[in-house]
Ligand code: UDP
């Protein structure tokens with residue numbers, strides 16, 4: 001990896017990548033073209049001198065909720081465990097993509113999987129990050145009934161990150177779905193309270209609650225604009241920031 005340029009206001013961040021970022025628009029599965037594209041943006045962002053942990057989703061392969069509608073023979077918890085395993089498949093793809101670009105990486109899982117990845121141990125994860133490795137966190141929280149958004153908030157808190165960056169397919173948080181409503185308004189800044197009261201689709205409610213309780217800023221931005229991960233890491237004003245009320249009125 002190239003030497004750090006030291007131009008990030010952040011020391012350590014969590015980047016939440018949804019599984020859909022691994023598939024071409026509207027498709028499922030893994031396209032290594034997409035994975036290498038997002039990996040290369042991430043490597044360039046790491047060269048700004050920021051420590052990066054990535055929490056990876058699994059929605060391009062499987063979400064637990066897809067099995068829970070109607071009567072069927074799969075238990076809801078089982079379906080969620082299947083979703084967590086999907087994130088490990090994505091994690092392996094992302095690790096190889098990052099390493100093909102020269103980055104040092106580690107893949108850590110919340111469900112122990114000897115022979116595939118390291119188990120998540122907080123102190124070890126911090127050491128990896130301090131050494132400049134890009135650490136991928138897979139298998140979510142290791143527990144069913146939540147999503148990888150909650151895992152991202154938890155990892156950001158326990159690893160003492162400065163911000164949680166959620167990479168999405170749109171430019172930030174809108175008043176309505178911009179993909180279906182052309183009049184939807186993009187917010188530059190919101191408070192956690194506004195997100196909750198207006199039921200804005202930022203992250204799942206448990207994740208928002210964690211961030212709000214611990215005053216952890218969230219940035220929602222568009223990963224599909226090339227260079228946006230670097231811009232986000234440099235602290236440029238892109239996307240939507242979600243912060244506490246006191247910070248907005250300060
Ligand atoms: N999941 C879970 N516990 C977790 C994280 C994920 O049970 O801590 C399951 C859940 O079923 C979820 C699936 O794994 O739908 C895939 O994760 P997610 O939906 O967050 O993926 P993304 O939408 O980010 O691609």
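From the backbone N, Cα and C atoms, a Cβ is placed for every residue, glycine too.
Automatic, uncurated: that is what TrEMBL annotation is.
Look at TrEMBL and you will find 16, 17, 18, 19, 59, 63, 168, 174, 177 tagged as ATP binding site. The Cβ of residue 177 (ATP binding site) lies under 8 Å from the Cβ of 184, 201, each of which sits 6+ residues away along the same chain. In three-state terms derived from DSSP, residue 177 (ATP binding site) belongs to neither a helical nor a strand segment and is classed as coil.
According to TrEMBL, the UMP binding site annotation covers 58, 141, 142, 143, 144, 145, 146, 147, 148. Within 10 Å of the C-beta atom of residue 146 (UMP binding site) sit 19 other C-beta atoms, taking all shown protein chains into account.
Annotation comment: TrEMBL describes 11-222 as domain 'Aspartate/glutamate/uridylate kinase'.
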Listed binding-site residues with Cβ under 6 Å from ligand 1, out of 16, 168, 177: none
Candidate with the highest Cβ count within 10 Å, taken from the binding-site residues 58, 59, 142: 58
Distance from residue 144 (UMP binding site) back to residue 16 (ATP binding site), taken between C-alpha atoms, in Å: 18
